[in-house]
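Below you'll find the structure, written out as structure tokens, and then a few comments.
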Amino acid sequence: MKFTPPPSSLRGPLVIPDKIMMGPGPSNCSKRVLAALNNTCLSNFHDELFQVIDEVKDGLRYIFQTENRTTMCITGSAHTGMEALLCNLLEEGDIVLIANNGIWAERAINMATRYGADVRVLGGPADKPFSMTDFKKAIEQHRPKCLFVVHGDSSSGLLQPLEGLGKICHDYDCLLLVDAVASLCGVPFYMDKWEIDGVYTGSQKVLGAPPGITPISISPKALEVIRSRKTPSKVFYWDLLILGNYWGCYDEQKRYHHTVPSNLIFALREAIAQIAEEGLEPVIRRRQECAEQMYRGLQAMGLEIFVKDPEYRLPTVTCIMIPKGVNWWKVSEYAMNNFSLEIQGGFGPTMGIAWRAGIMGESSTLQRVNFYLYAFKESLKATHPDYVFEKKNGQTNGTK
């Protein structure tokens, strides 16, 4: 046998530097979560794996605040949650209304179009939420099968209120689907109380687990819609009836679907367990306190926040406006090279005009926030020596 020689790049050991991850995700994992990854990989049908899966389902119902039986995880990044909801609940020609004021709603528009849905769009500015009146008028006009809404948009730092929206949707026989990737466990979320029919979140964001596994939950009403489809879900991999069977949601004999990432499930279990041990209320309060400290520190530097109204700011992701004359990349590069701190740029509606600061995972402490503010200021001073930190007329802005 003759083979090409092995690549020289693999001759040395793997070296990954420690970094303080304070962008919009992924976040730093705790030592406990990372240790869970070192367990033995288990086979799909080992009893010990099913035991952990049951514990994860219990934890997910807690953080989603739901009693939905169809609560599970999908192998893949949080985009798989968006795909799964849309491809399971939409059939060719179904009307879906998407509230679009950020990059993730644009992704949903792209996906729903690919599934052959009749996509209608409720548009709005990236820094302001939709009102319940906006939603009601649009639902009355379009009569959609589903309404898709992003709860917390990591591309803008905007928080969209949801309370009361589920009832509006159900009054018009419409399902409410929610992206809670960047918001869950950073702000209050009540799936059952708010009458939400489908939701997913990201393991690598506020929860502080590794990426690659996506928690998702659907209501009995949504499950009924899926079961009554005229055609099977277009994507086998995201078929929630088959996935839910393996995750023990339907009182059926479990069947093989795909090899699940057992060690990611272990890590997610530990991340949720840490939240459960502290309690949702103190977990959320701590992140909100960290966000307030972030706002105060940025304002003291004369910097503006993209979302002007504090009521609608997402505590887990703050978009910081780039002052005129400042090269955002130089600041981010300096912070990484000198402080091992991630200061990430904008995305979607904030690309080129803002930085994004994350308060997620292990970085949800006042100590980390204060470090971020210190490193940010030092990086701005070092890369732009002429920049003047000041407030003008009570407004937060910087001058050069």
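Each position is counted from 1, following the chain as shown.
Placement of Cβ uses the backbone N, Cα and C atoms for every residue, glycine included.
For the residues LYS137, LYS205, LYS234, Swiss-Prot attaches the annotation N6-(pyridoxal phosphate)lysine to LYS205, which does not rule out the feature elsewhere. Proximity of GLN204 (pyridoxal 5'-phosphate binding site) to non-local residues of its own chain (separation of 6 or more, Cβ distance below 8 Å) is seen for GLY25, PRO26, SER27, SER77, ALA78, PRO210, PRO211, GLY212, given in sequence order. Each residue contributes its Cα atom, and for THR259 (pyridoxal 5'-phosphate binding site) and ARG356 (substrate binding site) these two points are 35 Å apart. Secondary structure at LYS205 (N6-(pyridoxal phosphate)lysine), taken from DSSP and collapsed to helix, strand or coil, is coil. With respect to their backbone Cα atoms, SER154 (pyridoxal 5'-phosphate binding site) and LYS205 (N6-(pyridoxal phosphate)lysine) stand 10 Å from each other. Secondary structure at ARG356 (substrate binding site), as computed by DSSP, is strand.
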